[in-house]
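See below for the structure under consideration.
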Amino acid sequence: MSTFQAPKGTYDLTPPRSAKFLAVREAISAPLRDSGYGYIETPGFEDVNLFARGVGESTDIVSKEMYAFETRGGDKLALRPEGTASVLRAALEANLHKAGNLPVKLWYSGSYYRYERPQAGRYRHFSQVGAEAIGAEDPALDAELIILADQAYRSLGLTEFRILLNSLGDKECRPAYREVLQDFLRDLDLDEETRRRIEINPLRVLDDKRADVQKQLVGAPMLRDHLCDACKAYHEEVRVLLTAAGVVYEDDEKLVRGLDYYTRTTFEFVHDGLGSQSAVGGGGRYDGLSEMIGGPALPSVGWALGVDRTVLALEAEGIELPIPAATSVYAVPLGEEARRVLFGVVTQLRREGVAADFAFGGRGLKGAMKSANRSGARFTIVAGERDLAEGNVQLKDMESGEQEAVALADVTGTIRGKLSASDG
Ligand code: AMP
């Protein structure tokens, strides 16, 4: 019979590498949890129209990459391709915005699905940690989020990332700019699909990566020169706050991003060691999204950082995260009686909060000691018939190699003492 494989564009997280993913999720969420963001979890699928309306019908994410399906009951659903629309939907549904405490600050962590052409750093199932601050228009909030993402990456030891920053204007100034840009783009020599994009989402054309397109875009009208005074002042304040916080960023007037809901502040974190899929995270302000999905006006800002690409960025920089060994004590019984006794010791250690493991499967001493080594345990307990007859076990310090007999009755206390001494 043939064996099964993970579906195309997906991969499994298995030990030991999977520990990095947990550490990255922890590192990204820690600054958020310390900054008033509460944890939110939403379903892996939603009404397909939430994304069609929220993310935008014309975006690649919705028009080409969504896993949309109809249930047996006739509901039209889609696996979530991103987090923001779902989180806002859930916050509105729970009336979090009416609790009188704006902004509502939320963080999340989960799996997302896009039917993309798989390549290094681009998968059909990937993982993000995200943050949303809902219901406040305040440049300090935009700055806070960028600063917290920067802090998260730095806490992981990453240094080869850059922050790209732009403003997309608002409903006052963007429509006028859009027309000016369309007039410019319509005169260029472009393929059919790009010509269609000019009519639907002209800003995205600026983001085209092809050299022949970029050449024609020299001299294109830039939004920066068409921002209204309110957007200009807002953007300037975000920049001032970032600079005051010592966060280095680059102004990137061509940064548009692939989702329709952004207004004003947009930003992307790119890593220079990742090749073509260099964006490790991104986000921005989405003042109109709530109304687009049927809610009240709730100006908001958020980001999502990709866990998969952050792990790749760590690997590209050669950063080994200090992941502590999962096991502190490993027990190796020699004989049936010892099995029962040491299994009891391991159970007791675990109940006392010491990470302990056991040589299962009745292997010989040599194989069991190999497993003890591999587990990273600081101490090994070995006991055979003679030790037990004397009321002892052998406690081996795996760092120094020293071994001593310890009374069975004292073994958990002795180990705890030694572990806390070596912690200090
Ligand atoms: P986006 O919503 O497209 O701005 O994505 C935010 C972040 O999620 C990106 O910067 C990536 O780190 C990550 N991401 C998005 N799509 C994928 C994908 N197909 N595979 C892996 N990571 C992704």
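Cβ coordinates come from backbone N, Cα and C, glycine included.
Marked as domain 'Aminoacyl-transfer RNA synthetases class-II family profile' by TrEMBL: 24-322.
Its own atom aside, the Cβ of GLN128 (L-histidine binding site) has 22 Cβ atoms within 10 angstroms in the protein chains shown. DSSP assigns GLN128 (L-histidine binding site) to a strand in the three-state reduction. The L-histidine binding site feature in TrEMBL is assigned to GLU82, GLY83, THR84, ARG114, GLN128, GLU132, ARG257, TYR261, TYR262.
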Practice item. Filter the candidate list GLU82, THR84, GLN128, TYR262 of binding-site residues, keeping only entries whose CB is under 6 Å from an atom of ligand 1. Key: GLU82, GLN128
Practice item. Averaged across the domain 'Aminoacyl-transfer RNA synthetases class-II family profile' (24-322), what pLDDT does the model get? Just tell me the whole number, please. Key: 94
Check your understanding: Greatest CA-CA distance (Å) over the residues GLU82, GLY83, THR84, ARG114, GLN128, GLU132, ARG257, TYR261, TYR262 that the record ties to L-histidine?
Key -> 21
Review point. Looking at Cβ-Cβ distances, which residues of the chain lie under 8 angstroms from ARG257 (L-histidine binding site) while being 6 or more apart from it?
Key: ASP207, THR266, GLU268, GLY282, GLY284
Study note, to complete from the structure: Here the 10 Å Cβ neighbour count for THR84 (L-histidine binding site) comes out at 27
